[in-house]
Structure formats: C-alpha cells, structure tokens
Amino acid sequence: MLVVDLGKWMNKTLINWGIDPAVADRFDETIMALLMIVVAIVLNYLCQAILIGGMKQYTRRKPHQWNTLMMKRKVFHHLIHTIPAFLVYALLPMAFIRGKELLLISQKACVVYIIFSLLLAINGILLMIMDIYDGKETMKDRPMKGFIQVLQVLLFFVGGIVIIAIIVNKSPATLFAGLGASAAILMLVFKDSILGFVAGIQLSANDMVRPGDWITLPSGDANGTVQEITLNTVKIQNFDNTISTIPPYTLVSSTF
C-alpha cells in the first residue's frame with residue numbers, strides 16, 4: 001500500500017538523518033495520522049459539495065416533502081460526515097504500525113464521531129417526522145412536539161451510554177445494569193421530564209387543552225392563550241401579551 005510504503009520511507013529517512021529510532025517511529029506515525037486527517041477533511045468537503053449539491057438540485061427540480069424536510073433537518077449532512085470517519089478508521093492501522101495504544105485511542109475517537117453523527121442524523125429524522133405530522137391539517141390541534149422530545153431524550157441517553165462504554169472499554173449492558181441500581185437518582189434527575197411526559201399523554205388523550213385555547217390558571221399566574229405544549233412546559237400568552245410557562249402536570253393536577 002502507498003500509505004505503508006510512505007511511512008516506511010519517512011521512518012528510514014529520519015533514522016538516516018541520525019534521529020533516534022524511537023523518536024523516528026513516533027514522528028512518522030504522527031505525520032501519517034495528520035495526513036489521514038487532511039485526506040478525511042478533503043473527502044468530507046468533496047462529499048458535501050457533490051452529494052449535498054446533488055440533493056439540492058434534485059430538491060429544486062422535484063420538491064417532494066420528504067427530501068425538502070431531510071435537507072432542512074440536515075439528515076444527509078450528518079450521514080455524510082460518517083464517510084471520512086470510516087475511511088480514517090480503516091487506514092489508521094497503516095499509520096500506527098507500532099503505536100498500538102495510539103491506534104486504539106484513534107479508533108475509539110473515530111467510532112465516537114461516527115456514533116455521534118448517526119445520533120444527529122436520527123434526531124433529524126425525528127424532527128422531520130414531527131414536521132410532517134404537524135403539517136397535517138387534522139393534526140394541528142394535537143402537536144407531537146412533546147412525544148418527539150421524549151424520543152430525543154431517550155435517543156441521546158442511550159447514545160451517550162454507548163459512547164461512554166466505548167471510551168471506558170466496557171459493555172453498554174454493564175453500564176445499563178449499573179444505572180438500574182441508580183434508578184431512584186435517575187428518577188429524581190428526570191422527574192420533570194417524566195411527569196411532563198405522563199401529563200402530556202393525559203392532556204392529549206383526554207383532549208383537555210389545545211394550542212389556541214384560552215385558559216385561566218390562578219396558581220400559575222396564567223390567563224391567556226395556549227401557544228405551545230412541550231415535554232416540560234406549556235407556554236401561554238397572557239391577555240397583557242406577557243408569556244407564562246407552566247409544567248404540564250400543573251394543568252393535570254389543578255383546575256383551570
């Protein structure tokens with residue numbers, strides 16, 4: 001391979017110049033790694049220019065809802081970021097022929113980058129689903145934002161556990177088992193989100209309140225039109241144009 005031959009040539013040249021072999025090994029591996037990063041950046045730029053440019057042209061010619069929203073939510077952008085990461089991951093063993101520890105760290109960094117890019121792409125798909133759902137006339141009174149926020153929390157929570165497992169070289173199942181022992185602490189940390197999610201389901205299932213409804217809630221100093229219902233808050237524009245935000249479970253547990 002050209003990369004391997006170039007690395008051997010650099011190593012031999014440095015040793016011929018009188019540089020200590022150990023220093024020469026580390027130096028030429030560093031140079032090779034930097035070259036791979038440069039190649040990855042150039043490849044990422046080309047992929048963005050060619051593939052994203054092609055998608056933009058296609059979207060302009062045939063503006064379907066799905067491709068327009070995928071461009072808006074940058075799903076393709078995040079997926080394309082994985083291409084140079086896969087390339088660097090495949091070429092790293094050629095750069096770190098002797099430095100096994102550096103090879104392992106670099107490969108972990110590539111895997112973490114790939115997983116994070118995929119998480120962002122999946123998050124973009126969730127937002128795209130929300131856009132499609134909210135765009136339907138029959139669904140305007142039943143916003144999906146709160147449910148999507150729950151899925152986003154779960155997505156990044158699971159993704160974060162997987163990333164931590166890769167960094168510490170543990171099985172994700174082991175970390176999840178450890179979290180099970182800390183369930184009480186987790187429930188305390190995510191108390192508002194859990195209560196908000198349950199309250200959001202109750203509000204939607206019982207059709208208790210919709211965006212556009214006028215409500216009065218003395219306990220929350222709210223008296224106006226419901227603007228938005230999310231996982232943790234209900235935003236209300238009061239009669240004097242001030243904004244009040246209250247937890248969804250307040251509406252379930254109080255009269256309004």
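Cβ atoms are placed via backbone N, Cα and C, with glycine included.
Any TrEMBL annotation is an automated prediction that lacks curation.
Note that the structure is predicted; figures quoted are calculated from it, not measured.
According to TrEMBL, the feature transmembrane segment maps to 31-54 (among others).
Marked as transmembrane segment by TrEMBL: 75-92 (among others).
Annotation comment: TrEMBL describes 112-134 (among others) as transmembrane segment.
What TrEMBL lists as transmembrane segment is 146-167 (among others).
Sequence annotations record features per position, and here TrEMBL assigns transmembrane segment to 173-190 (among others). Remote same-chain residues near the transmembrane segment (173-190) are listed as 153, 161, 164-165 (criterion: CB distance under 8 Å, separation of at least six residues from the stretch ends).
What TrEMBL lists as domain 'Mechanosensitive ion channel MscS' is 192-256.
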| Remote residues contacting the transmembrane segment (31-54) - C-beta distance under 8 A, at least 6 residues beyond either end | 3, 6-7, 10, 76-77, 80-81, 83-85, 87-88, 91-92, 94-96, 102, 106
| task | Would you kindly list the residues that approach the transmembrane segment (146-167) from elsewhere in its chain, counting only those six or more residues past its ends and only Cβ-Cβ distances under 8 Å? | result | 108, 111-112, 115-116, 119, 122-123, 126-127, 129-130, 174-176, 179, 190, 193, 196-197, 200, 229-232, 248
